């Protein structure tokens, strides 16, 4: 995804769009740019305040630190965030480095982090992450192993910063992307449909995915912890059919518009 955020690529797409109005642009470059910054990407979810009979969706409490690692312990204390803390790069450009994260267990270790960062409260979620793929109006969800829960006892006995290449365990292909259904119940379909529909409208995008977790010990409390533009759809089950149907629907809509 990093090429989507290259200024030269964005300029080329914008210029090409102006000179070739007949070409379908799947998603506008300025809307894609919105997901470049982790400070702003989750704001759409927070603003929704989605809560209904199927569940509640929010975002973890978070804090942005742009410079001066030595100030992080006091900033965290003043914000009221509780340990452990997940630290992610502020810029999400799709590179491997932008998906790296750190888990800090004590205040002193927070000084070892490297700004600019987004700091999020770690939410125990049973070690399972839901990858919610959105392709137009289609939604596909897969389960992935994630970071394990941290008990109060572990927190009191553990210190330091632990680094991870990414929050979920990457699968090699679509065939082995999803965990056994018995591992964790998927979020309710009506809740996902409402969330996806509202995010498509607020973000102005049709091709993205959500990293979503269920708070441990609850059935209906969910958090969106990341949003990625044009993720690795090759690891989404049935991606060939879903993506083909999406592209065909765009062509049909354009043809209907012209003939109407």
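Note: Cβ is positioned from N, Cα and C throughout, glycine not excepted.
In TrEMBL, annotation is done automatically, which means it is predicted and not curated.
Feature annotation from TrEMBL assigns ATP binding site to 38, 88, 120-131, 146. Per TrEMBL, domain 'ATP-grasp' is recorded for 51-259. Per TrEMBL, 1D-myo-inositol 1,3,4-trisphosphate binding site is recorded for 99, 131, 228, 232. Annotation source TrEMBL lists Mg(2+) 1 binding site at 211, 226. Annotation comment: TrEMBL describes 226, 228 as Mg(2+) 2 binding site.
Shown on the structure are the features that TrEMBL records.
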residue : record                                           : Cβ contacts under 8 Å, 6 or more apart
38      : ATP binding site                                 : 88, 89, 90, 91, 92, 118, 226
120     : ATP binding site                                 : 60, 61, 62, 85, 86, 87, 88, 225
124     : ATP binding site                                 : 149, 150, 215, 216, 217
126     : ATP binding site                                 : 149, 184, 214, 216
232     : 1D-myo-inositol 1,3,4-trisphosphate binding site : none
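For residue 226 (Mg(2+) 1 binding site), the Cβ neighbour count at a 10 Å cut-off comes to 24, with all displayed protein chains included. Here the Cβ of residue 146 (ATP binding site) has 20 other Cβ atoms within 10 Å, regardless of which shown protein chain they belong to. The 1D-myo-inositol 1,3,4-trisphosphate site in the record is lined by 99, 131, 228, 232, and its two most distant CA atoms lie 14 Å apart.
The most densely surrounded of the binding-site residues 99, 131 is 131 (count of other Cβ atoms within 10 A of its Cβ). A mean pLDDT of 90 is what the model gives for the domain 'ATP-grasp' (51-259).
Using a 10 Å Cα-Cα cut-off from residue 131 (1D-myo-inositol 1,3,4-trisphosphate binding site), the binding-site residues that qualify among 122, 146, 211 are 211. Between the C-alpha atoms of residue 146 (ATP binding site) and residue 211 (Mg(2+) 1 binding site), the distance comes to 10 Å. Other Cβ atoms within 10 Å of the Cβ of residue 228 (1D-myo-inositol 1,3,4-trisphosphate binding site), summed over all protein chains shown, number 20.
Comparing Cα positions, residue 130 (ATP binding site) lies closest to 211 out of the binding-site residues 99, 211, 228. For residue 130 (ATP binding site), the number of other Cβ atoms no farther than 10 Å from its own Cβ, over all displayed protein chains, is 23. Inclusion criterion for the binding-site residues 122, 128, 211: a C-alpha placed within 10 angstroms of the C-alpha of residue 228 (1D-myo-inositol 1,3,4-trisphosphate binding site); this criterion is met by 211.
Annotation note: residue 128 (ATP binding site) sits in a strand segment as assigned by DSSP. Secondary structure from DSSP puts residue 38 (ATP binding site) in a helix. Distance from the CA of residue 211 (Mg(2+) 1 binding site) to the CA of residue 99 (1D-myo-inositol 1,3,4-trisphosphate binding site) is 12 Å.
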